């Protein structure tokens, strides 16, 4: 159900690929060499009392628990859509800013927890966990929710359900994981909303981006998927748009099928005696209603170059939200 990110793997997401390979590889290496795990423990007391800044740096990068590493890797793989959409530099700026803001929030929440419950939080789960939780903020606000199916006729399963399930699994893996999750969500909300112009204050410098683009990106870049026309080599705008529409049709097919099955279910007779069966005029009254006019947002999407049918389906999936529908059409 990772349908929100398309099917292009890690293409155009070198930073996400680098994080997956490097961080997961270090987790496996530390599992094989447990004598070095002490260097990567996220010890709050060591940072505040003994000023061991390396404990803060290393402890908030590499997971010591293989299960936490696996769940965070799944989430990073899913959130790679933001690197494709905003670019590697903005994606790296988001991770850097939320890492710094969440580090400060960790200590504030730990101090507040000690004041309220008289309990000292000494260690927190290690790894790049708070920035991963921070990515749930743009995921919730920018990715449209498309129904996929229903369970037991009441529980709706969407294209975002599995991501939230993996996040819940990561949240319940450690006793104080909730503190990292809360600090990550706070940091992600502050940076995504650009509170106090944080997006202009905390960002990856252009020189660092230049080094990463010319040295690291060729190492971690993925090959272009087969069947996708390369830009600038005969691929027209219509071909690219048709490819996005094909993916959109596949994702909305199940939603249309579920909606049609719900509409075709036999309705119970209204009332005790079923008056609509006795009086045909009551049964036919609803058939004489004027056709429902399409929402005005359809015209705006058509002017952008999308077809009328795709615009209708995108608006239906996003509850007539023009911004969500536009984002959904563009990213697919």
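Cβ coordinates come from backbone N, Cα and C, glycine included.
Note: TrEMBL annotation is automatic and uncurated.
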Annotated range (TrEMBL: transmembrane segment) out of 18-37, 198-217: 18-37
Per-residue pLDDT averaged over the domain 'UBA' (291-332), given as an integer: 74
